[in-house]
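S.K.: Pulled these from TrEMBL:
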type	residues	note
ACT_SITE	S198	active site, nucleophile
ACT_SITE	D221	active site, charge relay system
ACT_SITE	H276	active site, charge relay system
Amino acid sequence: QGLFLRLSYPCLPGPGAQQPLWIPRYEYCSGLADFARRSRRWCGPLLSLTLGSCRVPVSWNGPFKPHSSGYPLIIFSHGLGAFRTLYSSVCSELVSWGFVVVALEHRDHSASMTYFCTAEAGREEWIPYQHVPQGQKEFYFRNKQVHQRAEECVRALQLFRDISSGKSITNILPQDFDLSVLKVSGIDLTKVAVMGHSFGGVTAVLALVKEPSFRCAVALDAWMFPLENALYPEVPKPVLFINTEKFQTPESIGKMKRLSSRDSQTKIITVLGSVHQSQTDFTFLTGKLFNRIFNARGTLDPYKGLDIISRAALAFLQRHLNLEEEFHQWDNLLEGMGDSVVPEAPFCHSNL
């Protein structure tokens, strides 16, 4: 019924600002263990011990920085087995360039763990990650999830429409941030995009079909498998596909090319030296042990990879949200021109 999200926004500097935990609750460590098919008994505590104290270098509940014409809005959809905080690096980077980013936590059993609050005050019900049930075809299981996820992206946009119209929004979770500050000089709802990684990437593509107000989508290493073929001709807006070197299959790339062949503004590029988890926060945190468990780092420096992703996305967003910025200086990336970037996708062995 509700929505669960992490709101990232430009804020004013303040003394003694608190930085939020990267993994917000221990339960998420257990969820990551389940997703990786590792034992909760040892993997959960190990994740908590090594990563539980990591904090996101942002100001928690910082004062909102007003903007004369409102900030463009990005709705972000996480990948399979992830949750709302695991893309803090790319979300924070986009915020630093003048966007408001809404990172959803989906309730379709695709998050490694999530929860919702019932009508009884303070009571939480946890929703664990669910592997494909035995005997059920994966496509039908994941297709149902991707439609729920896209609907949640649409509902997130509606939430901010309600805020802008002055409706009173109830936030069940205890915190001091007042959503009504977004009403005045907060968000420009004529400049809205949808973005996501992996399962979230194909979610972003489907959200374009479901919501006309999304003007474009940025799909990070999109897992195209769950989307039915009949919907590809229905995608009405351009998509930027930013792929990693060692994840995509020829079938998945073929589906992306179906969209680019219909719309010259849809672009496909590949970042060399990257793996699927290079587009998550894990690539900044992992040592040898976690790299072995999660395969989280390629040969490309993580900070260089983040620069490529964010600059390509910014150039694309300027073009399709009509932003008056200087992001067009990175237009060459959209054609696959630049260090560690190539157009479309080179053939390689996939991890799928």
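All residue numbers here begin at 1 and follow the chain in the order shown.
From the backbone N, Cα and C atoms, a Cβ is placed for every residue, glycine too.
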S.K.: Relative to the Cβ position of D221 (active site, charge relay system), how many further Cβ atoms are located within 10 Å?
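M.R.: Its Cβ has 29 other Cβ atoms within 10 Å.
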S.K.: Where H276 (active site, charge relay system) and D221 (active site, charge relay system) are concerned, what is their Cα separation in Å, rounded?
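M.R.: One finds 7 Å between the Cα atoms of these residues.
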S.K.: At the Cα level, what's the spacing in Å between S198 (active site, nucleophile) and D221 (active site, charge relay system), rounded?
M.R.: 5
S.K.: For H276 (active site, charge relay system), what is the tally of other C-beta atoms lying within 10 angstroms of its C-beta?
M.R.: 27
